[in-house]
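Student: Please see the structure below; I have some questions.
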């Protein structure tokens, strides 16, 4: 991939390295990081190195009568942002609309004045949610201007935000479709809630988790379930599933997603990992009806805190999806004791960065 922003933008730090060398470098680094553990060869899973991001956020840079998208500078160039002409890592639907959208905004002082940021969310059908974030007072008068944008960009819905206020034109969600093991799953993805940014890699991660859980017995508990991204396909591998998430909005989406995918063996709970851990330890009637031998965790970058790690360690088998190898390494020092690491995968979610997403399957000896 080539991009006119390479060498200027601080996002794609590995821009000078061919993609196959990036994969080799990252996988070798992971191999060294986890050398203390007895585990199989690291499976390297990757997709396209361009047009892979279904979510993107850009600052807006105004100069005279022109406006530009802006990204943070490279570290060696100091703090701040720089204007960019294009971004080749974003989904094709986002890429195609970026320039024409900004040209329309430039023509309208009401839309342009104190526009601070533009966020994009896309789905596999090329539909978009575009969020305009302002550092000014915004009221209903902006509706006519947004209506004109919607007439121009018929595949997009718009959201206008300023501190404490939000206006939606016409909806704040997309329906995503993922093809997993030749079956289509549908997901409601709500703007400003977490969703996996790399659609292609997300499908491959879910397929990997399903493939490596085929022989697991008992029911499944999932922490940090979000909108049911892993929960819904994996529910086909287990008799019953109980899944928790602290975000009520995400739980509402997950419940809806289970319904539209005709999955009736999942119970979603709007609670933190700590709250669920207490229910489990207190042997709540809500919990005792499950045969909970398996747990799936997809925690934030901080990984598991001490209490969560202690709780997860009570389960026979663990499916751990990690967005931070350093905290994964720390957590495995506890979780790998008395368990065999049956599979370890590196998912290259973000080409041209040092980021490495990992998946680990641990089974009790």
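Backbone N, Cα and C define each Cβ position, glycine as well.
Taken from Swiss-Prot, the feature S-adenosyl-L-methionine binding site covers 196, 224, 229, 245, 298. Residues or ranges marked as active site, nucleophile by Swiss-Prot on the basis of sequence analysis: 323. According to Swiss-Prot, the feature active site, proton acceptor maps to 357, an assignment based on sequence analysis.
Mind mapping these onto the model and telling me what they sit next to?
Tutor: Mapped onto three states, the DSSP output places residue 229 (S-adenosyl-L-methionine binding site) in coil.
Cβ neighbours within 10 Å of residue 323 (active site, nucleophile), excluding its own Cβ and spanning all shown chains: 18. Mapped onto three states, the DSSP output places residue 323 (active site, nucleophile) in coil.
All protein chains considered, the CB of residue 357 (active site, proton acceptor) has 23 other CB atoms within 10 Å. The secondary structure of residue 357 (active site, proton acceptor), as reduced to three states from DSSP, is extended strand.
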Student: Can you list the residues of the same chain, besides 196, 224, 229, 245, 298, whose Cβ falls within 8 Å of the S-adenosyl-L-methionine site's Cβ centroid?
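Tutor: The surrounding set, listed in chain order, is 194, 225, 226, 227, 230, 321.
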Student: Taking every protein chain in this structure into account, which of the binding-site residues 245, 298 has the most other Cβ atoms within 10 Å of its Cβ?
Tutor: 245
Student: Quick check: in three-state DSSP terms, what is residue 245 (S-adenosyl-L-methionine binding site)?
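Tutor: Its secondary structure by DSSP: strand.
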Student: Which residue, out of the binding-site residues 196, 224, 229, shows the minimum number of other Cβ atoms inside 10 Å of its Cβ in this structure?
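Tutor: Comparing Cβ neighbours within 10 Å for the binding-site residues 196, 224, 229, 224 has the fewest.
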